[in-house]
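Undergrad: Mind having a look at this structure? Questions to follow.
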Amino acid sequence: MAEHNPFPGENNTGHVWDDNLRELKNPPPRWWMLGLWASILWVVGYSLLYPSWPVGQEPTPGILGWSQMKEYQEGMAQVEAKRAKFEDQIKGMSANEILADPGLKQYTLASAKVLFGDNCSACHGSGGQGNPGYPVLADDDWLYGGTTAKIAESIAIGRQGAMTPHKDILTEAEIDTLAKWTVQMAETNGEGGSEEGWNLFKTKGCTACHGQSGNGVLAELPGGNIVTVGAANLTDGIWRFKPGGYESARYTIVNGVNQPSNPDARNAVMPAFGQTGQLTDQEIKKLVVYVHELGGGQ
Ligand code: HEC
Ligand code: HEC
């Protein structure tokens, strides 16, 4: 071929097309070859040191014995060790003591956030902002009280406020007056209920549960504790049952709340997490701190 090479002396392979297109034999640049050899060495070195070649189900282990799983487990063990320190401390403390210790409080809130998401947010909303039929936990309006003791009780033994259905106790006109009175109360923070409404409220047994002033509180004890049966506060403009307003109030007065014998009654059941064993005492304690700090703890 070389003898037919029209470009003798040129560093070509002798392959020529269309008279002058030819294939040259220039070596790759030196830096490129060095890079190629270096990368080959690197692959060999890496595959000796680290898990690499798939053999059966497992890769070759590598001289260093490193594995992703091992690194993950070591990381988890470190986290656990850190956690254990806090968990041990919390075990011996009351919710109030945890609240008074900024470091422990911060740890408890972070850890309870997950518990709240898993166990509570389906009903109370992810930030405790409530859902139709489920009370807001992120405010200072409490059915049962916002001290740590009351919150703990709510979570551990559950709650189920009951209101008598009044459809056979009151006349249509009385029900109408009371439903209107409830709306007036909600709109004026308990100042503007009609006299007619107040009279019925006080004489038809409502005060036994909703309190003399309609705010749901039967007695106030020292230390922020309140005595209630879980009856809604009718003076704060917060509707316990949605959508609120006249029809909603009327429905509650007619049908009551949590009445097994009346399928039309409102349902308001807070599960007893301590009794069902769904949560441990330690978890409940963390949740008490969390709920207390959502906005309205007393
Ligand atoms: C199945 C729905 C449901 C779940 C889940 C639930 N709750 Fe409740 N919770 C309720 C209802 C309904 C009430 C109101 C009960 C009543 O009206 O008597 C309530 C009431 C409460 C109260 C009392 C509020 C007050 O104003 O006094 C607290 C505190 C509370 N829940 C915390 C929690 C925590 C913490 C969790 C998670 C461990 C949780 N709840 C899970 C439905 C639920
Ligand atoms: C046996 C106790 C009890 C009696 C008596 C009672 N209530 Fe209630 N009431 C409750 C409870 C408990 C709730 C619901 C609170 C909860 O579950 O969150 C409630 C809720 C309500 C609501 C709904 C408020 C809202 O925000 O949606 C209205 C309105 C109401 N009551 C009015 C009355 C009136 C008017 C009377 C008297 C005719 C009365 N109640 C008598 C216990 C009672």
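Every residue, even glycine, has its Cβ placed from backbone N, Cα and C.
Remember, TrEMBL labels are computer predictions, not curated facts.
The annotation heme c 1 binding site is assigned in TrEMBL to C120, C123, H124, M270. The heme c 2 binding site annotation in TrEMBL covers M163, C206, C209, H210. Positions annotated as coiled coil by TrEMBL: 69-96. TrEMBL lists 107-186, 192-295 with the feature domain 'Cytochrome c'.
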Undergrad: Do you know the mean pLDDT across the domain 'Cytochrome c' (107-186)?
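TA: Within the domain 'Cytochrome c' (107-186), the model's average pLDDT equals 95.
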Undergrad: For a Cβ distance below 6 Å to any atom of ligand 1, name the binding-site residues from C120, C123, M163, C209, H210, M270 that qualify, or say none.
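TA: Cβ under 6 Å from ligand 1: C120, C123, M270.
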Undergrad: For ligand 2, which among the binding-site residues C120, C123, H124, M270 have a CB under 6 Å from it?
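TA: Correct list: empty, so none.
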Undergrad: Around the recorded heme c 1 site, report the further residues of that chain (criterion: Cβ within 8 Å of the mean position of the Cβ atoms of C120, C123, H124, M270; site residues excluded), sequence-ordered.
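TA: Residues close to the heme c 1 site, other than C120, C123, H124, M270: N119, S121, A122, Y134, P135, L137, P271.
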Undergrad: Compute all pairwise C-alpha distances among M163, C206, C209, H210, the residues listed as binding heme c 2, and give the largest one in whole angstrom.
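TA: That value is 10 Å for the farthest Cα pair.
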Undergrad: Within the chain of H210 (heme c 2 binding site), which residues six or more apart in sequence place their C-beta under 8 angstroms from its C-beta?
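TA: Counting only residues 6 or more apart in sequence, the Cβ neighbours of H210 (heme c 2 binding site) under 8 Å are F201, G216, A231, A232, L234.
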Undergrad: How big is the Cα-to-Cα gap, in Å, between C209 (heme c 2 binding site) and H124 (heme c 1 binding site)?
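TA: Between the Cα atoms of C209 (heme c 2 binding site) and H124 (heme c 1 binding site), the distance comes to 24 Å.
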Undergrad: Just the number: how many Å between the Cα atoms of C206 (heme c 2 binding site) and C123 (heme c 1 binding site)?
TA: 28
Undergrad: What are the sequence-distant neighbours of H124 (heme c 1 binding site), meaning same chain, six or more residues apart, C-beta distance under 8 angstroms?
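TA: In sequence order, G130, N131, Y134, P135, V136, L137 meet the Cβ cut-off.
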Undergrad: Take the mean position of the Cβ atoms of M163, C206, C209, H210, the recorded heme c 2 site. Which other residues of that chain put their Cβ within 8 Å of it?
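TA: Apart from the listed residues, the neighbours are G205, T207, A208, A231, A232.
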Undergrad: For the domain 'Cytochrome c' (107-186), what does DSSP give as the number of helix, strand and coil residues?
TA: 42 helix, 4 strand, 34 coil
Undergrad: Nearest to M163 (heme c 2 binding site) by Cα, among C120, C123, M270 (binding-site residues)?
TA: M270
Undergrad: In the domain 'Cytochrome c' (192-295), how many residues does DSSP assign to helix, to strand and to coil?
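TA: Counts, helix then strand then coil: 40 helix, 7 strand, 57 coil.
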